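Report on one structure; see the data block that follows.
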């Protein structure tokens, strides 16, 4: 007869899924910073620091989703999803018998696990800040660059955290723990104890890896792993008192009525829809994610900004012509290279000359170049303004057909004529 998987099996499975998600986000370019490239990567697209509002929307959406989970499921994410708690659980080794040789072996295994988990934390967190390919390249060449130094510092910090701080961090500095204190309510899932079903076997205390007594009110420290609920149910099933009972003395409940009715499933995501504040937070997260997806899909292939140059001599005159210089900034928002042809058109013709033209932009790359515009001074008043249209064209195919991507208007200011020009 096949028995359904135990809740502990599903908890280990969700821990693995949570760990994989947090590990793969930066390595698959789903969400990370790109300090070397001066931007952000969101769903494979590069957002520049000028697009910080889109990153803010993504973070707020995640915050709303977490608030909905806190409101409905309480500390479930701590033991079912949080990779730090998974690491702390994985470090502990329970010996079958306590002997000096076995104690040394267990200590060696724990040290190895701490170092391995710390290296994994250092690599992953650094990958959220820099391109992981750059980090591995610098490590392979033994170069003490900024990514390598940050990786080493984070690894050392993780060793100190896992060795000395332990679960003290959860109660004092964890952001999710702070959100629990802010958003949790009586409707949140919590541990419920019914003294009438307890025979004081204390098996729940023995299985708690936080070394708590689940029969006491430890709601501020309990992470809802469910080990005590499973152990109590199994122990009560074998006792004389529990033969006629289906549920143990410990169960999960969201209010006093639920504890009398039975166990509330620890993964009852439907509770999000039963609680109005949790449902509102969940809907807020969905709205923000929808807006973010629309903004990413609606982004132009190329971003361009043209500003007057600020260096000395940027605005000058040569015999018969006024000269203006502009700085042109280009950004490729696509994951493929682009070959671009730039043009500057005025009312009476083309007078622009670009320092680079055509220009090839690598995927998610930016480039700056100079635009020099010279316009005849005949019949044009000093300091008059003339509109110019700067265009970006994509050169497509072998025939290099031009396709307009973007255009913007700038103003040419005619400089005052030199005295030598006036005499003539």
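For all residues, glycine too, the Cβ spot is worked out from N, Cα and C.
Just so you know, TrEMBL annotations are computer predictions that nobody has curated.
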Do you know which of 150-170, 171-191 TrEMBL annotates as transmembrane segment?
150-170
Out of 106-130, 206-230, let me know the one TrEMBL marks transmembrane segment.
106-130
Six or more residues out from either end of the transmembrane segment (106-130), which same-chain residues have a Cβ under 8 Å from its Cβ atoms?
22-23, 25-27, 32-36, 87, 90-93, 95, 146-147, 150-156, 158-159, 162-163
Most Cβ pairs under 8 Å with the transmembrane segment (278-297), selected from 12-32, 52-70, 150-170:
52-70
Let me spell it out: take the transmembrane segment (52-70), skip the flanking residues so only those 6+ beyond its ends count, and list any with a Cβ under 8 Å from a Cβ in it.
31, 40, 42, 76-77, 176, 179-180, 182-184, 188, 272, 278-279, 281-282, 284-286, 288-289, 291-292, 295-296
What same-chain residues lie close to the transmembrane segment (12-32): Cβ under 8 Å, and 6 or more beyond its ends?
40-44, 58, 80-83, 86, 120, 124, 127-129, 132, 267
Long-range environment of the transmembrane segment (150-170) - Cβ separation under 8 angstroms, sequence gap at least 6:
78, 84-85, 87-88, 91, 114-115, 117-119, 121-123, 125-126, 129-130, 135, 139, 177, 210, 221, 223
